[in-house]
Amino acid sequence: MENKKTIYFLCTGNSCRSQMAEAWGKQYLGDKWNVYSAGMEAHGVNPNAIKAMNEVNIDITNQTSDIIDANILNSADLVVTLCSHADSVCPSTPPHVNRVHWGFDDPAGKEWSEFQRVRDEIGERIKRFSKTGE
């Protein structure tokens, strides 16, 4: 099915939140959406993000940490910024690209429970979007 829409999850380092969002997006939206993630910088996938997603039986070890790709950004049907930094510093998007902000705390460098909490919050938010389109 090539008529898929494209959703692009952005955060600062494409290390934690956007990686989890990409994985949840593929799980909940993969049949209707092409799901990508990127960051203002590429910090590498955080090992705790991998561990947190493994806890819910989602393997993100093969996901890569990428800098924002202008081609994907310019052709995306929906761009979702996941942290205040990416929302304020995100490259300008063309008028036809729908851009929304879903703020989540950055778990990097915090206690393990923060990774679990943020993982679950992102999962619930994307699950809601998959059902309601909001």
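Including glycine, each Cβ sits where the backbone N, Cα and C put it.
As written in Swiss-Prot, here are the features:
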DISULFID  Cys11-Cys83  disulfide bond
ACT_SITE  Cys11  active site, nucleophile
DISULFID  Cys83-Cys90  disulfide bond
ACT_SITE  Cys83  active site, nucleophile
ACT_SITE  Cys90  active site, nucleophile
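Around Cys11 (disulfide bond), taking its Cβ as the centre, 29 other Cβ atoms fall within 10 Å, counting all chains. Residues near Cys83 (disulfide bond) in space but far in sequence (CB under 8 A, at least 6 apart, same chain), listed by position: Cys11, Thr12, Arg17, Gly103, Phe104, Asp106.
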